[in-house]
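Trainee: Questions regarding the structure given below will be posed in turn.
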Amino acid sequence: MVKLEELDFKPKPIDEHFLENDKDYPVTGQHNGHDVRAEGMQRLDADGKPYPTKLGIHGTHVAVDWDCCIADGACMDVCPVNLYEWNLNPGKSGTGNDHKIQKGSEEWNKYRTDKCDPVRESDCIFCMACESVCPVRAIKITP
């Protein structure tokens, strides 16, 4: 798990209106059966500095801002339907992800941390547990 103090950026909560803002959050691709928005686009962190990644927002009804996500894993622990997996560790979930990313590696430069992937987005029961537990508010549930 990554500590906020160790980051070289300041996470900003997911834009609650991203679905209504096609200009800033256009659908740029698909990943594991869900839409990806703003991938490859430079966005700013809470300090107004460019995020070190350009990974975008993954999902629609269960959306995770991958530029903000710090791989805490709490969302996975509280989800009653297990809709999340680690992107770099398919099939794995929960805190303390198994796949450690070394600083300076190719994966580090691309992702910075593993990412919480809403691979079973359609299974969501809209309990909002993941949204409420995320320490950086990277998740937005839209029923």
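Placement of Cβ uses the backbone N, Cα and C atoms for every residue, glycine included.
What Swiss-Prot records for this protein is below:
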- 13-60: region 'N-terminal extension' (REGION)
- H31, H34, H58, D117: Zn(2+) binding site (BINDING)
- 60-89: domain '4Fe-4S ferredoxin-type 1' (DOMAIN)
- C69, C75, C134: [3Fe-4S] cluster binding site (BINDING)
- C79, C124, C127, C130: [4Fe-4S] cluster binding site (BINDING)
- 115-143: domain '4Fe-4S ferredoxin-type 2' (DOMAIN)
Trainee: When secondary structure is assigned with DSSP, how many helix, strand and coil residues does the domain '4Fe-4S ferredoxin-type 2' (115-143) contain?
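Mentor: Counts, helix then strand then coil: 8 helix, 5 strand, 16 coil.
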Trainee: Near the [3Fe-4S] cluster site, what residues other than C69, C75, C134 in the same chain have a C-beta no further than 8 Å from the centroid of the listed C-beta atoms?
Mentor: V64, I70, D72, G73, A74, C116, C130, V133, P135, V136, A138, I139
Trainee: Can you name every residue in this chain, apart from C79, C124, C127, C130, with its Cβ inside 8 Å of the center of the Cβ atoms of the recorded [4Fe-4S] cluster site?
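Mentor: Near the [4Fe-4S] cluster site, the remaining chain residues are V62, C75, V78, P80, V81, L83, I125, F126, M128, A129, E131, I141.
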Trainee: Counting other CB atoms within 10 A of each CB, which of the binding-site residues C69, C127, C134 comes out lowest?
Mentor: C127
Trainee: Far apart in sequence but close in space: which same-chain residues, 6 or more away, have a Cβ under 8 Å from D117 (Zn(2+) binding site)?
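Mentor: Spatial neighbours, sequence-distant, of D117 (Zn(2+) binding site): H31, N32, H58, V64, Y84, E85, W86, N87.
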